[in-house]
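The structure appears right after this line, and notes come after that.
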C-alpha cells in the first residue's frame with residue numbers, strides 16, 4: 001500500500017513537471033509567434049498606408065489630366081472659332097500654323113509691292129525736273145528735243161496719276177493683309193500653350209500615371225503577400241494552441 005502511494009506520488013510529480021514544461025513551451029511558442037505576428041501586422045499597416053498614398057497620387061494625377069484635356073479642348077475651340085471668323089475656308093486647329101505662315105508671307109509680299117510702287121512713285125517728280133532742267137533723259141542722259149521732252153513729261157505725269165490710284169489699292173491690300181496677320185498672331189500664344197499641353201504636359205502626366213500604376217501594382221502585391229503571411233501565422237498560432245491544450 002505504501003509502495004503504491006509512493007508510485008502514485010512519483011507519477012503525479014512527473015506529470016506536474018510535464019505540464020509545467022508544456023506550459024513553458026506553449027509560452028515560448030506563443031511569444032515567438034506573437035512577435036512575428038505583430039511584425040507582420042506592422043508591415044501590413046505600413047504597406048496599406050503606401051497603397052493608399054499611391055492611390056491618392058494617382059487620383060491627383062488623373063484629376064490633373066482631366067483638367068489638362070479640358071483646358072486643351074477649350075483653347076482649341078477658342079482658336080478655331082476666331083480663325084473661322086477670319087477665314088471661312090479654315091478647317092481645324094491642325095492647319096493653324098499653315099494659315100499663320102501663309103498670312104505672314106502674304107503680308108510681306110503686299111508690303112513689298114507697296115514699298116516698290118512707292119519708290120517708283122517718288123521718282124516721277126525728280127525725273128520730270130531733270131528732263132525740264134537739262135533737256136535730257138533722266139535714265140540714259142540722251143539729249144531730248146523739245147517734242148521728246150514734252151512727250152516724256154506727259155508720260156511721267158500719266159504714270160504718276162495712275163500710280164497714285166494703284167498706290168491706294170496696294171495700301172488697302174497691304175493694310176488688310178497686315179490686319180489679318182496681326183489677328184492670327186494674337187492667337188499664336190494660345191496656340192503655343194495648346195501645342196505644349198498636347199506635346200509635353202499631357203505626355204509627362206501620362207508617363208507619371210503609368211509609373212504610379214506600376215508602383216501601385218508592386219505595393220498591392222506586397223500588401224497581399226503580407227496579409228497572406230499574417231493569415232498563415234494566425235492559423236498556425238491557433239493550431240499550436242489547440243495542440244498544447246490537447247496534450
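Just so you know, glycine gets a Cβ as well, placed from its N, Cα and C.
Just so you know, TrEMBL annotations are computer predictions that nobody has curated.
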Among ranges 2-36, 37-71, whichever one TrEMBL labels coiled coil:
37-71
Identify the coiled coil range according to TrEMBL, selecting from 174-201, 202-229.
202-229
Which ones in the same chain are close to residue 137 (Zn(2+) binding site), with CB under 8 Å and 6+ residues apart in sequence?
131, 144, 152
Write out how many residues of the domain 'Zinc-hook' (90-189) are helix, how many strand and how many coil, based on DSSP.
85 helix, 2 strand, 13 coil
